[in-house]
């Protein structure tokens, strides 16, 4: 080592110079342990959720994303120039044009120099965008970021295969089904996977219907009590020759007839099936965004955080068992955070299907009264690229100071993401 020290400043031969740099790097890595920055949520905003071909159908995902990003930055009270990078989840991108997150970001008036990335982890996309942004902030690559998710299922196109047009016409495929809702490994719909879970976990049609009705009831009560007011940014829609229409409330939860729910036919499995249009989530439009930053940046910008990112994790299982995947991600998060199930004040388990929540409550042995307390995707709607971010947004507002909330969401292919926050 003394000989190497003596060479400092006088080494000209490339081999020795490279060796010296390697030794310096080794010295530094052994001498110091890197510390991660604390990441906080400064604002958390979402658009209302529109029904399929409903109130927001005229707005592409990128426009909804623009509204969410703009709303989150305004709520944070920081200059747009402070946002160093943007990640947004978006699943079915066909027909949206290049780089959807870039479109949403520039539409929100952020500087042209802002890097943008679109994340696709199917239904977990919005949550994964938050996790990836948190990692960048923790490591010090950036100090202020926006992350969230967006989807307009009303605007997803039909496609046809390229090539010569065959005799007899062409077959159009619905990209909602092909790219969003089909298990490519077993070549079955997500709903058939959910039916498999219902059978495996012994969860009846009646249990699922009861849960679905509870979701609708909780959503209505939450809206009536103003539980969503602080997280919504209204969407103004221009209508030719008519006054502008302002959408400021979720559309889906009002569209239910409780008396018809038990009478509906099953959708995916005709004989001995359990899943219906009522106890599954719907196709929807919406976007959500959060302003994330390091605790140091929050201090520098003199902003008060809503919550801190405490831990997060992904998990994966057999693709057909995707509804059960959250039950494997959640224990990882609790372990990383050093917490027990009993420490969690509020759980969000995305309601892709009612059976998903019922199965995960059963596997995790958690209190149903603490799960999706203000309803979920069955009643509010499930814009697939948005939902993972939406449940984090809601927790950031619904928790009380000092409480922990844990959100989890399954995704096609057998995956899940889970994220823990602490309200500040």
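Keep in mind that glycine also has a Cβ here, set from the backbone N, Cα and C atoms.
Per Swiss-Prot, the features are:
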type	residues	note
TRANSIT	1-30	transit peptide
MOD_RES	63	N6-succinyllysine
MOD_RES	63	N6-acetyllysine
MOD_RES	75	N6-succinyllysine
ACT_SITE	123	active site, acyl-thioester intermediate
MOD_RES	171	N6-succinyllysine
MOD_RES	171	N6-acetyllysine
MOD_RES	178	N6-acetyllysine
MOD_RES	187	N6-succinyllysine
MOD_RES	187	N6-acetyllysine
MOD_RES	199	N6-succinyllysine
MOD_RES	199	N6-acetyllysine
MOD_RES	204	phosphoserine
BINDING	216, 255, 256, 257, 260, 281	CoA binding site
BINDING	216, 277, 278, 280, 378	K(+) binding site
MOD_RES	220	N6-succinyllysine
MOD_RES	220	N6-acetyllysine
MOD_RES	227	N6-succinyllysine
MOD_RES	227	N6-acetyllysine
MOD_RES	240	N6-succinyllysine
MOD_RES	242	N6-succinyllysine
MOD_RES	242	N6-acetyllysine
MOD_RES	248	N6-acetyllysine
MOD_RES	254	N6-acetyllysine
MOD_RES	260	N6-succinyllysine
MOD_RES	263	N6-succinyllysine
MOD_RES	265	N6-succinyllysine
MOD_RES	270	N6-acetyllysine
MOD_RES	335	N6-acetyllysine
SITE	382	site 'Increases nucleophilicity of active site Cys'
ACT_SITE	410	active site, proton donor/acceptor
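For residue 216 (CoA binding site) paired with residue 378 (K(+) binding site), the C-alpha to C-alpha distance reads 8 Å. Ranked by CA distance from residue 63 (N6-succinyllysine), the binding-site residues 260, 278, 281 have 281 at the top as the closest. Most Cβ neighbours within 10 Å among the modified residues 187, 227, 265: this distinction goes to 227. Residue 178 (N6-acetyllysine) sits 14 Å from residue 123 (active site, acyl-thioester intermediate), counting Cα to Cα. A strand conformation is recorded for residue 123 (active site, acyl-thioester intermediate) in the three-state DSSP classification.
Note on proximity: of the recorded positions 256, 260, 278, 280, 382, the one nearest residue 187 (N6-succinyllysine) is 280, by Cα distance. Cα-Cα distances to residue 277 (K(+) binding site) place 265 within 10 Å, out of the recorded positions 75, 240, 242, 260, 265, 335. Here the C-alpha separation of residue 199 (N6-succinyllysine) and residue 410 (active site, proton donor/acceptor) works out to 18 Å. The DSSP secondary structure for residue 220 (N6-succinyllysine) is helix. The distance from the Cα of residue 281 (CoA binding site) to the Cα of residue 265 (N6-succinyllysine) comes to 15 Å. Considering other CB atoms within 10 Å as the measure, the emptiest surroundings among the recorded positions 123, 277, 280, 378, 410 are those of 277. The DSSP secondary structure for residue 240 (N6-succinyllysine) is coil. The Cβ of residue 256 (CoA binding site) has 19 other Cβ atoms within 10 Å, all protein chains considered.
Taking only the Cα positions, the spacing between residue 257 (CoA binding site) and residue 278 (K(+) binding site) is 9 angstrom.
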